[in-house]
Amino acid sequence: MNMKKEIIVYSISDSLGGTSQKLLSAVTAQYPDIIFNNSYRFPFINKEEELLAILRDAIKDDALVISTLVDSKLAAVAREFSQANGLAYLDLMHPFFEIIREKTGTSPIEVPGTLHRLDTEYFNKISAIEFAVKYDDGKAPQGFLDSDLVLLGVSRTSKTPLSIYLANKGYKVSNLPLIPEVPLPQVLEKVDPERIIGLLCEPEKLSKIRSNRLNSLGLTQSTSYTDLEKIYEELDYSKEVFKKYRAHVINITDKSIEETAFLIEDHLKKLR
């Protein structure tokens with residue numbers, strides 16, 4: 001049986017990003033034989049360094065980037081970076097703005113989020129998204145102490161998309177990749193165990209996910225990254241870490257991001 005092709009989609013906005021989601025839903029409905037991984041959503045992006053970090057990750061994931069940035073400077077940065085690096089990038093706003101300008105001589109006000117009421121929930125979401133981007137992939141372990149959740153797992157256990165998805169729900173989430181050769185940050189010992197989530201995946205499934213990842217990057221040679229014996233070692237190590245830090249463990253095998261997030265939220269509700 002032929003495996004369905006998968007396209008990873010990054011959605012970037014300086015507001016909620018609802019515009020791109022509506023378009024994407026309409027487009028994906030026309031391709032029933034393609035899997036669109038739409039877990040990577042980055043709303044409230046208003047700093048150039050945040051934007052460039054996301055675009056660099058998009059290159060690594062061979063992703064399609066959809067943008068509804070209304071800020072012309074940020075949009076130009078994204079467009080120029082994408083052109084220079086061969087990144088598939090679709091700007092949904094500025095080509096339309098340009099047509100209006102040519103016809104009327106009027107420029108847009110470039111104010112993000114004018115469709116949405118600026119309430120407490122909105123600003124909490126902004127803060128949570130910025131937090132997830134800042135503390136993704138163990139970049140700054142001191143952020144663990146301010147996190148609602150700390151996600152732990154070996155490579156390709158959905159740590160980043162889960163962080164972003166949960167951030168869209170207002171949770172401050174950081175994550176740390178578990179690599180046997182890399183020492184764990186000491187600050188992890190100070191984190192409330194009930195806030196630590198350990199992510200597991202069946203070895204064979206994880207090997208397949210990693211192989212697909214390498215194939216998407218044009219790398220077809222076998223490496224330790226996809227070697228089943230090495231993956232067993234990584235997962236055994238992660239189980240030791242989970243036990244040491246008393247993490248709440250979730251097996252993500254064959255679960256969608258939404259399903260895993262539901263289980264995490266259910267765990268949090270039981271703590272109240």
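Note that Cβ sites are derived from N, Cα and C of the backbone, with glycine treated the same way.
Under the heading ADP binding site, Swiss-Prot lists Gly153, Val154, Ser155, Arg156, Thr157, Ser158, Lys159, Thr160. DSSP assigns Gly153 (ADP binding site) to a strand in the three-state reduction.
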**Asked** Taking the Cβ of Gly153 (ADP binding site) as the centre, how many other Cβ atoms fall within a 10 Å radius?
**Response** 28
**Message:** Around the C-beta of Ser155 (ADP binding site), how many further C-beta atoms are within 10 angstroms, looking at every protein chain?
**Reply:** 16
**Complete:** Around the Cβ of Thr160 (ADP binding site), other Cβ atoms found within 10 Å total 20
**Message:** Cβ within 8 angstroms of the Cβ centroid of Gly153, Val154, Ser155, Arg156, Thr157, Ser158, Lys159, Thr160: which residues besides those meet this for the ADP site?
**Reply:** Asn175, Pro177, Leu199, Cys201
**Asked** Which of Arg156, Lys159 (the binding-site residues) has the most other Cβ atoms within 10 Å?
**Response** Lys159
**Candidates Thr157, Ser158: member of the binding-site residues with the richest Cβ shell (10 Å)** = Thr157
